[in-house]
Amino acid sequence: MDTPNGSPNDGPNERATEGSQPGRARERHPFFNAYRQGFARVAACTVPLATADPERNADTVIARVRSLHDDGVAVAVFPELGLSGYAIDDLLLQDPLLDAVESALARIAEATTDLRPVIVVGAPLAKGNRLFNCAVVVHRGAILGVAPKSYLPTYREFYERRHFAPGDDQRGETIEVAGWRVPFGPDLLFRATDVPGLVLHAEVCEDMWVPVPPSHEAALAGATVLLNLSGSPITVARADDRHLLCRSASSRCLAAYLYAAAGEGESSTDLSWDGQTMIYENGALLVETERFPEGPRSSVADIDLDLLRQERQRQGTFDDNRRALAGRLSGFRWVDLELDPPSGDIGLLRKVDRFPFVPDDEARLALDCYEAYNIQVSGLEQRLRAIGQPKVVIGVSGGLDSTHALIVAAKAMDRLRRPRTDILAFTMPGFATSEHTKGNAIALMKSLGVTWEELDIRPAATQMLTEMGHPYGRGEEVYDVTFENVQAGLRTDYLFRIANQRGGIVLGTGDLSELALGWCTYGVGDQMSHYGVNTGVPKTLMQHLIRWVVSSGQFDGGVNTTLTSILDTEITPELVPTKEGETPQSTEASIGPYSLQDFTLFHVLRRGYRPSKIAFLAHHAWRDVEEGEWPAGYPERERAAYDLATIRHWLEVFVKRYFGNQFKRSALPNGPKVVAGGSLSPRGDWRMPSDASAAAWLDELDANVPER
């Protein structure tokens with residue numbers, strides 16, 4: 001069995017394994033159960049076929065379903081005509097074969113009465129004067145319905161109309177099969193009443209290849225999990241075509257798409273078979289099996305029904321399309337079933353990205369960085385062109401954000417064919433500025449060839465604190481939020497006044513993560529600028545962007561040396577002085593690890609998940625350093641694991657800060673959206689009142705996430 005976290009194995013009944021075994025508390029607490037968290041475990045299966053021997057094929061299906069039941073699977077789909085064989089030609093019209101198929105269906109139903117999975121198998125069935133190529137849905141000892149293949153290929157190697165009738169005109173029909181009178185047609189939806197959001201629709205092979213597949217209408221009618229039983233003999237590059245179609249279908253339909261092709265045992269008289277299986281969800285490949293296997297194989301994954309529901313709710317045009325086709329969709333018939341999903345901790349069979357804003361794949365990450373960098377550069381170019389090509393005024397601290405904003409500005413000037421000296425860069429040391437960061441800032445400004453100055457804010461800050469009556473003005477070591485904000489405010493104040501004096505605009509440096517957490521000084525502070533190039537970039541992507549700038553040769557060697565030094569510097573606001581031997585002020589010690597907070601931000605902003613589900617996902621993503629993947633180039637020394645108590649704590653901090661700091665986002669300056677995960681612009685992806693209560697989110701977290 002193949003799973004998103006595993007590899008193929010030779011044993012048809014070997015179960016997927018997790019990195020750690022659940023304890024008794026985890027077995028009992030509903031938090032740890034994937035079904036309770038909105039997932040459903042599904043399987044796309046290929047098994048060795050006995051050509052024209054339905055009884056043996058039924059035995060194989062039953063054995064596979066027993067194994068899948070033990071693994072907590074809810075739905076199992078098998079290949080097209082899997083009970084008879086696809087490539088048996090005129091044997092399909094022989095009564096002994098058709099009788100044996102009905103007997104095999106009855107045996108499957110009887111043998112799986114006590115098993116959980118909804119079974120979808122392929123079989124030739126007679127109705128009236130014609131034979132149909134069917135997907136038969138079996139559950140808990142009964143045949144629930146039959147979906148005939150709508151579109152029959154009769155070209156190249158295919159000759160299906162010789163034996164079968166198309167099923168596209170069979171809406172609203174019934175069929176008698178193996179003693180059951182059941183619904184028959186391409187208009188059937190199978191709904192699990194005890195697994196919210198799990199609604200199945202089955203189509204057969206070629207149905208996926210036509211311009212308007214039956215599954216597309218089914219998705220608009222309510223199906224969330226689309227099943228394809230496929231014969232599909234293999235030729236060179238056909239596997240890529242299948243991937244393209246499955247990915248496209250799952251993306252356009254905002255659904256999961258399960259594909260199971262025929263493999264070992266199908267007749268090789270004129271064709272060959274590769275047994276390809278795969279599962280896509282909303283355009284993302286969750287899992288696939290090896291091709292040309294020996295023995296049974298199953299792609300098994302936990303699909304996220306909450307994700308599909310959220311995507312459909314957010315993408316209003318999906319429902320607009322449903323309304324436009326309401327006449328076609330109103331006739332879909334619903335067949336209800338009770339799944340009785342497993343309880344306790346069954347693990348999670350899907351990849352959960354530690355860094356949802358940062359791809360693990362090296363090539364994809366490089367492409368994302370290329371696009372993100374150029375989105376920022378082109379956004380700044382357009383703003384400068386639109387307002388008369390002013391100078392750019394920027395404060396440079398030697399940290400990640402101001403560094404990246406500066407190199408974006410430098411590249412924009414290059415593309416506009418303007419001298420980099422039109423960038424007026426200032427390093428403004430305060431009470432806690434280190435020589436290391438200051439040195440990096442100066443080295444970067446020099447190597448880029450911008451106009452730069454050092455402007456010490458300490459005299460002005462001391463005067464302001466004294467005149468305010470702040471204890472620091474009397475010589476006391478009081479380093480409160482006012483002490484910090486006076487420094488942040490003065491820096492921004494100077495930049496705005498200098499921009500006014502010298503004909504420039506202030507370039508903001510704050511990033512998406514800081515905006516989410518309110519880690520910025522409002523108004524006359526780093527929250528404000530004339531244009532913010534980083535407002536769409538999460539902190540966890542920022543370091544990869546700078547690494548990409550270095551590796552792709554955007555600038556010369558001197559710049560790259562300084563950029564590498566900056567990447568190795570701990571994230572700190574440098575606003576509070578420390579004595580020798582003390583640990584310097586750490587941003588992440590105050591607001592949480594950006595790795596966790598960006599994880600939460602993505603799932604709040606892009607998915608709208610409950611806090612408990614975010615904690616569940618974070619638990620699986622972050623509990624073990626050795627499990628899962630890390631982005632290319634991520635330093636070994638920075639790789640960390642977080643237990644559930646830590647995840648819960650920082651999630652609570654996130655919720656409180658996220659709600660408490662919306663007023664800062666409501667007054668957000670202009671800046672480009674960068675990542676697909678969303679932006680926090682009040683004119684774009686995120687609009688909420690500044691005085692909203694976080695009580696419902698905190699209550700949900702408290703009620704549903706255990707302490708450990």
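Quick reminder: no glycine exception, Cβ is built from N, Cα and C everywhere.
Binding of deamido-NAD(+) is attributed by TrEMBL to Asn485, Glu514, Trp519, Cys520, Thr521, Tyr522, and within the candidate set Lys149, Lys656, Lys664, Lys673 the record adds Lys664 to that site. Per TrEMBL, ATP is bound by Gly395, Val396, Ser397, Gly398, Gly399, Leu400, Asp401, Ser402; the candidate from Thr277, Thr289, Thr492, Thr509 named for the same site is Thr509.
Taking the C-alpha positions, the distance from Lys664 (deamido-NAD(+) binding site) to Thr509 (ATP binding site) comes to 15 Å. For the domain 'CN hydrolase' (40-305), the model gives a mean pLDDT of 97.
Each of the binding-site residues Arg238, Lys664 was assessed for Cβ neighbours inside 10 Å, and the highest tally belongs to Lys664. Spanning the residues Tyr155, Ser232, Arg238 that the record associates with binding L-glutamine, the maximal Cα-Cα distance equals 16 Å. Neighbour density at the Cβ, taken as the number of other Cβ atoms within 10 Å, is lowest among the binding-site residues Gly395, Gly399 for Gly399.
Here the C-alpha separation of Lys149 (active site, for glutaminase activity) and Cys205 (active site, nucleophile) works out to 8 Å. Sequence-distant contacts of Thr521 (deamido-NAD(+) binding site), defined as residues of its own chain at least six apart whose C-beta falls under 8 angstroms from its C-beta, comprise Glu484, Asn485, Ala488, Gly489, Thr492, Gln527.
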